[in-house]
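For reference, the structure discussed in these notes is given below.
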Amino acid sequence: MAPSPAPLLSLSLPELTDWVQTTGQPAYRGKQIHQWLYQKGARSLTAMTDLPKVWREKNVHYPIGRSVIDHCAVAPDHTRKYLLRLADGLIIETVGIPSSKRLTVCVSSQVGCAMDCNFCATGKGGFIRNLESHEIVDQVLTVQEEFHERVSNVVFMGMGEPLLNLPQVVKAVECLNQVVGIGQRALTISTVGLPGKIRQLADRHLQVTFAVSLHAPNQTLRQSLIPSARHYPLEQLLADCRAYVETTGRRVTFEYVLLAGVNDQPVHAEELAQKLRGFQTHVNLIPYNPISEVDYQRPTEAQINQFAQVLSDHRIAVSVRYSRGVQADAACGQLRASRKEELAELTPMA
């Protein structure tokens with residue numbers, strides 16, 4: 001019996017066609033399987049009823065590459081936070097965020113995260129491994145199937161640092177664009193910034209939306225919040241972002257989590273405005289969602305509005321992004337962290 005080289009979801013249409021022929025089936029069966037995987041939500045060969053029954057039974061053991069929903073938490077705003085169990089038993093987080101005109105999926109790119117941002121729940125659990133591209137695509141398919149609605153937008157803002165898994169993230173982006181049919185500009189890759197990685201992404205000439213988690217207007221404050229930033233001076237990060245704009249023609253979005261009394265004062269806004277002067281950019285202000293592991297607090301509405309107004313006065317495009325699904329522990333890492341004792345039995349220790 002011919003072995004499957006990889007989970008079927010990880011294979012391109014040409015690869016599926018080649019594989020199915022090694023099992024004695026005609027080439028057109030590859031297209032049928034491809035349609036079952038991406039259009040009909042099949043999770044086993046048994047479900048692919050227009051394929052020969054004897055062949056399906058003979059090859060039923062071949063892996064498809066779909067995760068299993070371990071848990072789902074639903075917030076009053078209808079945001080759904082999923083814990084998905086992978087083939088090796090590890091757990092990742094995925095969030096489905098519905099609105100009147102779109103369905104957005106927040107996907108993870110790694111199991112855990114090595115960045116250890118001290119206000120983030122995911123970083124508290126450490127890094128375990130990179131996700132394969134099909135494990136990223138599976139998250140989008142799962143949300144699409146659960147909501148019975150086409151996914152319009154995907155943001156790489158879940159567990160993990162996407163640029164530390166760049167080859168698989170790019171492969172997933174290409175699949176989501178070319179196979180699932182989501183426009184590149186509706187795909188957002190977010191990073192805390194890593195030396196050399198932003199330029200590597202720029203050289204791919206993707207037309208995705210690119211977001212950088214900035215969170216501070218100066219190097220000293222930034223590296224106190226993001227330990228990995230000590231290896232990447234803020235001035236170099238901003239220079240690489242300018243190079244990204246020049247290479248791709250796409251603006252950079254800066255994400256800025258507002259922490260009460262830490263980085264949310266008018267003086268911080270003024271300093272940030274000076275840093276971003278003349279930059280083709282947009283700033284997303286994100287009021288902090290408190291987690292049990294750390295003592296940071298959310299600013300008041302007045303503080304949030306004051307910070308935004310300072311940036312606006314300097315003619316910097318700014319918006320305030322209120323995280324969805326807070327009641328469901330849906331901010332990055334929170335649901336998984338809230339079940340860490342149970343997950344400890346499932347997750348191998350490094």
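In case you wondered, yes, glycine gets a Cβ from its N, Cα and C as well.
Keep in mind that this is a model prediction, so the values were computed, not measured.
What Swiss-Prot annotates here:
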ACT_SITE  E93  active site, proton acceptor
DOMAIN    99-327  domain 'Radical SAM core'
DISULFID  C106-C332  disulfide bond
BINDING   C113, C117, C120  [4Fe-4S] cluster binding site
BINDING   G160, E161, S190, S213, L214, H215, N289  S-adenosyl-L-methionine binding site
ACT_SITE  C332  active site, S-methylcysteine intermediate
Cβ packing number for C117 ([4Fe-4S] cluster binding site), 10 Å threshold: 22
Most distant Cα pair in Å, residues G160, E161, S190, S213, L214, H215, N289 binding S-adenosyl-L-methionine: 20
Rounded mean pLDDT for the residues that make up the domain 'Radical SAM core' (99-327): 92
Alpha-carbon distance [E93 (active site, proton acceptor); S190 (S-adenosyl-L-methionine binding site)] in Å: 16
Integer Cα-Cα distance in angstrom, N289 (S-adenosyl-L-methionine binding site) to C113 ([4Fe-4S] cluster binding site): 18
Nearest of the recorded positions (C106, C113, C117, C120) to E161 (S-adenosyl-L-methionine binding site) - Cα to Cα: C113
Candidate recorded positions E93, G160, L214, pick with smallest Cα gap to C120 ([4Fe-4S] cluster binding site): G160
Candidate nearest S213 (S-adenosyl-L-methionine binding site) in space, where candidates are the recorded positions E93, C106, C113, C117 and distance is Cα-Cα: C117
Between G160 (S-adenosyl-L-methionine binding site) and C117 ([4Fe-4S] cluster binding site): CA-CA distance (Å): 11
Alpha-carbon spacing, C106 (disulfide bond) to C113 ([4Fe-4S] cluster binding site), which is rounded to whole Å: 15
